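Undergrad: Here it is, the structure in full.
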Amino acid sequence: MLLIGVALLNLRDTISVRPGALSCEGDPRAFWPDGEKFIQYVKSEARDQNQKLNDLGEFDPNTSNIPTITGDIHFDSQGYRSNFNMSILSLQDNGMQQIGYWTQRDRLQITRPIKRKKKVSKKPLTSVALRVTTVADTPFVIPKKYDAYGNPLKTPDAWDGYCVDLLNLIAADVGFNYTIEITKDHYGSRQRNNETGEYYYDGIIGVVNRGSRSGMERRLKSGAGFLMTDSMQDDWKKRQLMSSSFLQEADIALAALTITYEREMVLDFTTPFMTLGGSLLFMRPKSQKPSIFSFLQPLSPTVWAYVITTYIVVSVGLFLVARLSPYEWQNPHPCEAFSEEKENQFTVLSSFWFFITPLLNQGTEMAPHTISTRLLTGIWWFFALIVISTYTANLAAFLTVDTTELPIESVEDLVAQTKIKYGTLQSGASHDFFKVN
């Protein structure tokens, strides 16, 4: 792509890269007229660069001056890319790592051994008694029988629930026995000891991680779970190998446990039997009854203020214009043709009444006689038409759409308010998520 870009840049004045006009009846084998010229330029670009190096006494037939990730660009006599190299990457815990390369001369070369997972020896579990740790969580794990002190019994028949039924099927198929104990610290999360700076896990995650031999070996190798120096690791290995009284707190955990990255660092999980996500639930506020002034809500208070102000100004303006115009003074007694008494129909009150009727879709018997009063009336009628149309449209939307405002629309809104109480299960996946994020 780099070489093609260089070729297009250099040939921008001599060739056209715009597509030509096409026709349904044209030749389907039509080709780009400048295509051959463009290909020849791309092939000769590397040779020209090498020739420049030859003039300087630095010629190398396998290189050019256009470096790329796979090596310098060079073409053979047939136009194929030659003498390139490729890096071989492997996805590790800390990202992509180069473990080798391939070149035309050296072929495949592995410079770093590939880490393979060690095969775990499978021991038969027939007639083995496993210790199971759990957390009571309906409907997955439900205790049924209790002792005299109110503690759940450890026998399998003292428990019920989906996870217990699943464990019973596995136990019947494999042939092992088990006892169940409740963990006091719930599910478990990664914690830090402020005094020593070491990390540890509480809950059923910590019980299984501390107790299982595989969990101990994993912590000794990778330091996951808590921080350990070399001397501490050697001491733990000696204790594990020499002590015959190395007791396990639990072999497996049985619960509706959320699989997270931190938990997978120290424990192995079975195939998940349920996929779910977290949600925030709260009671939707009830819609309030409309108030006596709810008819004003389709328009904002600012708009209402402008309408009232405009109405007052125009009404007063009509009164003044009608007073100044001689044609608005009419004879109140038509039968007396030569009467000197004149009367103006647009008084202050009648002017306000005349301009309020268009806003209410009503009419009046008064009619302006002069051009000035008629022009002012026409402008007000047009203004009233826009206001009425806007009010009617907003009123229809206001009556049909639920305008109830949700007090919480995001996590930030939940934190900012104090009316609604909220919380998460301590040492749970949701608690860790909100604590970190």
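The backbone N, Cα and C atoms fix where each Cβ goes, and this holds for glycine too.
Please treat TrEMBL annotations as automatic predictions, because they have not gone through curation.
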Undergrad: Kindly point out which candidate in SER127, SER410, SER430 is recorded by TrEMBL as part of the L-glutamate site with THR258, ARG263.
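TA: For the L-glutamate site that includes THR258, ARG263, TrEMBL also lists SER430.
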Undergrad: Taking 8 Å from the centroid of the Cβ atoms of THR258, ARG263, SER430 as the cut-off, which other residues in that chain fall inside it around the L-glutamate site?
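TA: Here the non-site neighbours turn out to be TYR187, SER189, LEU257, ILE259, THR260, GLY428, ALA429, ASP432, PHE433.
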Undergrad: When you look at THR258, ARG263, SER430, which the record names as binding L-glutamate, what is the longest CA to CA distance in angstrom?
TA: 13
Undergrad: Fewest other C-beta atoms within 10 angstroms of its own C-beta: which of the recorded positions ARG263, LYS435 fits that?
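TA: Comparing Cβ neighbours within 10 Å for the recorded positions ARG263, LYS435, LYS435 has the fewest.
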Undergrad: Once the DSSP letters are reduced so that anything not helix or strand counts as coil, what is ILE408 (site 'Crucial to convey clamshell closure to channel opening')?
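TA: Reduced to three states, the DSSP call for ILE408 (site 'Crucial to convey clamshell closure to channel opening') is coil.
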Undergrad: Compile a sequence-ordered list of residues in the same chain as THR258 (L-glutamate binding site), six or more apart from it, whose Cβ lies below 8 A from its Cβ; state 'none' when nothing qualifies.
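TA: Expected: TYR187, GLY428, ALA429, SER430.
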